[in-house]
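Peer 1: Quick paste of what Swiss-Prot says about this protein:
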| type | residues | note |
| --- | --- | --- |
| REPEAT | 23-52 | repeat 'ANK 1' |
| REPEAT | 123-152 | repeat 'ANK 4' |
| MOD_RES | Asn203 | (3S)-3-hydroxyasparagine |
| REPEAT | 210-239 | repeat 'ANK 5' |
| MOD_RES | His238 | (3S)-3-hydroxyhistidine |
| MOD_RES | Asn271 | (3S)-3-hydroxyasparagine |
| REPEAT | 276-305 | repeat 'ANK 7' |
| REPEAT | 399-428 | repeat 'ANK 9' |
| MOD_RES | Asn427 | (3S)-3-hydroxyasparagine |
| REPEAT | 432-461 | repeat 'ANK 10' |
| REPEAT | 463-489 | repeat 'ANK 11' |
| MOD_RES | Asn518 | (3S)-3-hydroxyasparagine |
| REPEAT | 525-554 | repeat 'ANK 12' |
| REGION | 545-553 | region 'HIF1AN-binding' |
| MOD_RES | His553 | (3S)-3-hydroxyhistidine |
| REPEAT | 558-587 | repeat 'ANK 13' |
| MOD_RES | Asn586 | (3S)-3-hydroxyasparagine |
| REPEAT | 591-620 | repeat 'ANK 14' |
| MOD_RES | Asn671 | (3S)-3-hydroxyasparagine |
| MOD_RES | Asn706 | (3S)-3-hydroxyasparagine |
| REPEAT | 711-740 | repeat 'ANK 17' |
| MOD_RES | Asn739 | (3S)-3-hydroxyasparagine |
| REPEAT | 744-773 | repeat 'ANK 18' |
| DOMAIN | 873-936 | domain 'SAM' |
| DOMAIN | 959-1164 | domain 'PARP catalytic' |
| BINDING | Cys1081, His1084, Cys1089, Cys1092 | Zn(2+) binding site |
Amino acid sequence: MSGRRCAGGGAACASAGAEAVEPSARELFEACRNGDVERVKRLVTPEKVNSRDTAGRKSTPLHFAAGFGRKDVVEYLLQNGANVQARDDGGLIPLHNACSFGHAEVVNLLLQHGADPNARDNWNYTPLHEAAIKGKIDVCIVLLQHGAEPTIRNTDGRTALDLADPSAKAVLTGDYKKDELLESARSGNEEKMMALLTPLNVNCHASDGRKSTPLHLAAGYNRVKIVQLLLHHGADVHAKDKGDLVPLHNACSYGHYEVTELLVKHGACVNAMDLWQFTPLHEAASKNRIEVCSLLLSYGADPTLLNCHNKSAIDLAPTAQLKERLSYEFKGHSLLQAAREADVTRIKKHLSLEMVNFKHPQTHETALHCAAASPYPKRKQICELLLRKGANTNEKTKEFLTPLHVASENAHNDVVEVVVKHEAKVNALDSLGQTSLHRAAHCGHLQTCRLLLSYGCDPNIISLQGFTALQMGNENVQQLLQEGASLGHSEADRQLLEAAKAGDVETVKKLCTVQSVNCRDIEGRQSTPLHFAAGYNRVSVVEYLLQHGADVHAKDKGGLVPLHNACSYGHYEVAELLVKHGAVVNVADLWKFTPLHEAAAKGKYEICKLLLQHGADPTKKNRDGNTPLDLVKDGDTDIQDLLRGDAALLDAAKKGCLARVKKLSSPDNVNCRDTQGRHSTPLHLAAGYNNLEVAEYLLQHGADVNAQDKGGLIPLHNAASYGHVDVAALLIKYNACVNATDKWAFTPLHEAAQKGRTQLCALLLAHGADPTLKNQEGQTPLDLVSADDVSALLTAAMPPSALPTCYKPQVLSGVRGPGATADALSSGPSSPSSLSAASSLDNLSGSFSELSAVVSSSAAEGATGLQRKEDSGIDFSITQFIRNLGLEHLMDIFEREQITLDVLVEMGHKELKEIGINAYGHRHKLIKGVERLISGQQGLNPYLTLNNSGSGTILIDLSPDDKEFQSVEEEMQSTVREHRDGGHAGGVFNRYNILKIQKVCNKKLWERYTHRRKEVSEENHNHANERMLFHGSPFVNAIIHKGFDERHAYIGGMFGAGIYFAENSSKSNQYVYGIGGGTGCPIHKDRSCYICHRQLLFCRVTLGKSFLQFSAMKMAHSPPGHHSVTGRPSVNGLALAEYVIYRGEQAYPEYLITYQIVRPEGMVDG
């Protein structure tokens, strides 16, 4: 082996005895070894390019260049005739040398120029042996990729793997970078995969997981290109993973149609079963992969096979439609297969009226096509049986082949006779523009040609390639067809053509026969009578010719059909007739002009419209690459819009061009999509670009107000994002979902809040938008706010937090008189006589300072919900206060002296000592506890005490026995009315269940209200015109904290951007969840919910001088000289009065009423 090892490095050993070589040859060898391309170019001649180193190993220049890795020199030598298979003394070819020294690029170059990857030297060493021995991993991979055989043994019986360096063994076992290979197949990294792929690892299995092969992963992840490459390089379509799944299972489970098709075309078994006996069809059907199911069935998948649970694919189909489709297509494919095999028994088993015209989903073949092509003797019987059952004689495949085409091509003359007798069109054209005669002539079927000619097949029809049947046949066929052609053109034919051109119906009727109806103008353009009649607008002639067998698909020598002629000259009636008789609207002439190209170029608007209505494709290009739109003249804007179709409507909606929208829109396209962009509808664009009139027109004509684009946005999202208040209001009017979410769970309120759209936020909230909804990031609209006013608005709309509450103070007998509370709540001089509530409500405007003092003495008690001890003789709150300080032993002193909490607030060390509290520590504890109680903190414990500073809101619970409670309840119940909307907004009810009535105490709001009341009174002759009115709003929580805020009012209200009140509680009840009832209660989304609690405000409202109004009028402020607007009932106007103020401080929320509406007796659900 020592001699052979020297041979392996032949290039290195070649210098020995070089002096014996002629100088020019020696110089060439040296230049090749050193990589001196310029010298090589000077020295190489055709005679010297394969010269030998006679003093050494008989190496050629290519041996030297390859061994030393001189790629440029190798490339030049190969281009100039170097022999890639030349052997030196040891039998080595240049490839051996390049592989031995690891020159991968040179190896690749030599292999591309035909070097044998399995060439053997004198010791049977291959290039792979050389690379493996030296551990040249890259070279091993290149050799294996080019067909190197790893099992070849040298003269010692050793393979490349036996001799391989440890670093190269993994390549030869298929384990080299296996994980990277599998990952590249999964991720679709072609370059990475091809750098690692060899025949030894193409079917490697993952070491963990499901033991998948690269093909399993590529199929499951829909890597179409990777699948193609793997299959090309020998991937096993039958390879199974740990669960016995084949790659086809993966592709079908995920619905990857192209991958499935590739696998079945490469022999994948469509009925392969995994360990649980699931077939690929089980996988596809259970996941509702409809198209994949159809594909599998067309390749023989059986939907009746049962898995281990005794379930078939049909059983696993999730929808009735898919179950039905699986059964139907299985029967259909069974019928097609029986027809191919001409099996009468099976045909009868599967044949029915429903199945007789079943089409193969991919090829569009019918059973009649299959029978016509069948080589079996009973095909004629099968065809007759199918035709008796109603098979369509002229049905076409995907390539436009009729059964007559198929039978003619196969010389099945018996079938030709049968289908012609059943009215087969003998001149029907396939996708190449060929008749049955073309196909028979091309195949040299002389008898078939003769038979077709006898049935009137036209030998002069020119195919799309410009050939007649005569030109496609052999000598015998040509002779036969020449005779038929000369017989076919007579004087009568010429007269018929002239009559059709002139519109002479009588002459046409006289001359027209079955043989002559499709005669040709031989001397001219090969036109038929129908071509002439269509081009010259001879409507009656066209009608007659079509009724008597004229071929609507006949082409002249330019490839024009009659429809081209009619469209080019704008003959609408003729074009309509031709289309009704089956003319193909997308047929193309030799220059690939369709009828639509003709009509568009000539400015024929109505013709274009007709063609488009019947499926003409406006994207088809002629030979110059022009679509019909490209050929329209600049002035024909109507045709341009027509051809642009949906794109034109979308553009018009975007630009706000109402006239164009009206012209272009129809029920079919009003919800069309921007397929090149975000899949927006016209309404999305109109809403986003603030085109109010366009939006309104689209909504009136069927636009889907809640249509989602690609990102899940509805038009309201767009309007909200860009702050288009009027458009948003219009969308809401047409029932846009105010809480609709996009793919990232953003609502319109998120959009408006993020962009600082205050008015839009107010509008959305007023119509039931939920401010608590979170997007995928967990953010509410409030979290996205940047503007302070929007932040305030959203904060106000958030669900009510726990407010401090207390029961209305009630002093026990012997402490205060029974009228103490009423006195504290009564007004100074007198109550306004205009208040509409019961008389006890007329005394509610008393001194707020007195009220606060009373509240402070009972707040802590009310906050805990504990009941007062009726027999204690003292306010329970002082008892709780003393107990929390740990001074219970002092209770006797407080009871004896009748010290209540409000009295204690005024006492100091001196007063406490006088009543008998002598210990300084006790007095200090009491005084500090009181200080904390009034310092603004909240809680039972004096060290975390109730806010009584006057800056916040306190709710006083009224007892049901209290006259105040009863008066408010009476006002609520007595003002319920039946509304025109039948309860749509506020629910169906006739009374309430009053759960709670709370008095709202807020010193700041009260002072603001009284100040404004005084101003109004002074401006209105000392008459404030104060009323007690109801107000419904989703902002109740904000109102009782901050008062009414006119900044958030919506201008779209009946009387503009004001704050609305009603004297009827049922009227205000319509607004508790938003305008028009919003979206109903938060939990059930029901406007007539009888379970959820509602809240209504009974407010003190200063109307001052009110402006009477009977019809809608948009106002941002009250009319000059007035303080409010009163909407009076009128015919076709309001049914119940409404009161509107335009300044928030003109109303004070006096009572918060919590209630339920009650279902009327006898009312049935739904």
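One-based numbering along the chain as shown.
Backbone N, Cα and C define each Cβ position, glycine as well.
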Peer 1: Near the Cβ of Asn427 ((3S)-3-hydroxyasparagine), how many other Cβ atoms are there if near means within 10 Å?
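Peer 2: Within a 10 Å radius of the Cβ of Asn427 ((3S)-3-hydroxyasparagine) lie 22 other Cβ atoms.
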Peer 1: Which site among Asn203, Asn271, Asn518, Asn671, Asn739 has the most other CB atoms no more than 10 Å from its CB, taking these as modified residues?
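Peer 2: The most densely surrounded of these modified residues is Asn518.
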Peer 1: Could you tell me which of these binding-site residues, Cys1081, Cys1089, Cys1092, has the greatest number of Cβ atoms within 10 Å of its own Cβ?
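Peer 2: By the 10 Å Cβ neighbour count, Cys1081 comes out on top.
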Peer 1: Looking only at C-alpha atoms, tell me how far Cys1081 (Zn(2+) binding site) is from Asn739 ((3S)-3-hydroxyasparagine), rounded to the nearest Å.
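Peer 2: Between the alpha carbons of Cys1081 (Zn(2+) binding site) and Asn739 ((3S)-3-hydroxyasparagine) there are 13 Å.
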Peer 1: In the same chain, which residues outside the set Cys1081, His1084, Cys1089, Cys1092 have their CB within 8 A of the centroid of the CB atoms that define the Zn(2+) site?
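Peer 2: My list of surrounding residues reads Gly1080, Pro1082, Ile1083, Lys1085, Asp1086, Tyr1090, Ile1091.
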Peer 1: Going by a 10 angstroms cut-off between Cβ atoms, which of the recorded positions His553, His1084 has the sparsest surroundings?
Peer 2: His1084
Peer 1: What's the CA to CA span in angstrom from His1084 (Zn(2+) binding site) over to Asn518 ((3S)-3-hydroxyasparagine)?
Peer 2: 72
Peer 1: Near the region 'HIF1AN-binding' (545-553), which same-chain residues lie under 8 Å Cβ to Cβ, leaving out any that are not at least 6 residues past its ends?
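Peer 2: Distal contacts: 425, 427-429, 458, 500, 508, 512, 514, 517-518, 528-530, 533, 561-563, 577-578, 581-584, 587.
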Peer 1: Within the chain of Asn706 ((3S)-3-hydroxyasparagine), which residues six or more apart in sequence place their C-beta under 8 angstroms from its C-beta?
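Peer 2: Listed in sequence order: Ile714, Asn735, Ala736, Cys737, Ala740.
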Peer 1: At a C-beta cut-off of under 8 Å, are there same-chain residues at least 6 beyond the repeat 'ANK 10' (432-461) that contact it? List them, or none.
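Peer 2: Long-range Cβ neighbours of the repeat 'ANK 10' (432-461): 402, 404-405, 407-409, 411, 413, 416-417, 420, 426, 467-470, 472-474, 476-477, 480-481, 484-485, 488-489, 514-515, 518, 520, 522, 526, 551, 554-555, 559.
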Peer 1: What are the DSSP helix, strand and coil residue counts for the repeat 'ANK 7' (276-305)?
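Peer 2: The repeat 'ANK 7' (276-305) comes out at 16 helix, 0 strand, 14 coil.
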Peer 1: List, in sequence order, the same-chain residues at least six positions removed whose CB sits under 8 Å from that of His238 ((3S)-3-hydroxyhistidine)?
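Peer 2: His238 ((3S)-3-hydroxyhistidine) has long-range Cβ partners Val246, Gly267, Ala268, Cys269, Ala272.
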Peer 1: Taking residues 6+ outside the repeat 'ANK 7' (276-305), which of them lie with a CB under 8 Å of any CB in it?
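Peer 2: That would be 243, 246, 248-249, 251-257, 260-261, 264, 270, 311-314, 316-319, 322, 325-327, 329-330, 333, 337, 360-362.
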Peer 1: Select the closest residue to Asn518 ((3S)-3-hydroxyasparagine) from the following recorded positions, measuring between CA atoms: Asn427, Asn586, Asn671, Cys1089, Cys1092.
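Peer 2: Comparing Cα positions, the candidate nearest Asn518 ((3S)-3-hydroxyasparagine) turns out to be Asn427.
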Peer 1: List only the single closest residue to Asn427 ((3S)-3-hydroxyasparagine), chosen from the recorded positions Asn203, His553, Asn739, Cys1089, Cys1092 by CA-CA distance.
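Peer 2: So, spelling it out, the nearest of the recorded positions is His553.
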Peer 1: Hey, what's the Cβ neighbour count for Asn586 ((3S)-3-hydroxyasparagine) at 10 Å?
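Peer 2: Counting Cβ neighbours of Asn586 ((3S)-3-hydroxyasparagine) within 10 Å gives 13.
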Peer 1: Could you state the CA-to-CA distance between His553 ((3S)-3-hydroxyhistidine) and Asn203 ((3S)-3-hydroxyasparagine) to the nearest Å?
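Peer 2: That comes out at 52 Å between the alpha carbons.
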Peer 1: How big is the gap, in Å, between the Cα of Asn271 ((3S)-3-hydroxyasparagine) and that of Asn203 ((3S)-3-hydroxyasparagine), rounded to a whole number?
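Peer 2: One finds 21 Å between the Cα atoms of these residues.
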Peer 1: Could you round the CA separation between Asn586 ((3S)-3-hydroxyasparagine) and Cys1089 (Zn(2+) binding site) to a whole angstrom and send it over?
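Peer 2: Counting only the Cα atoms, the answer is 58 Å.
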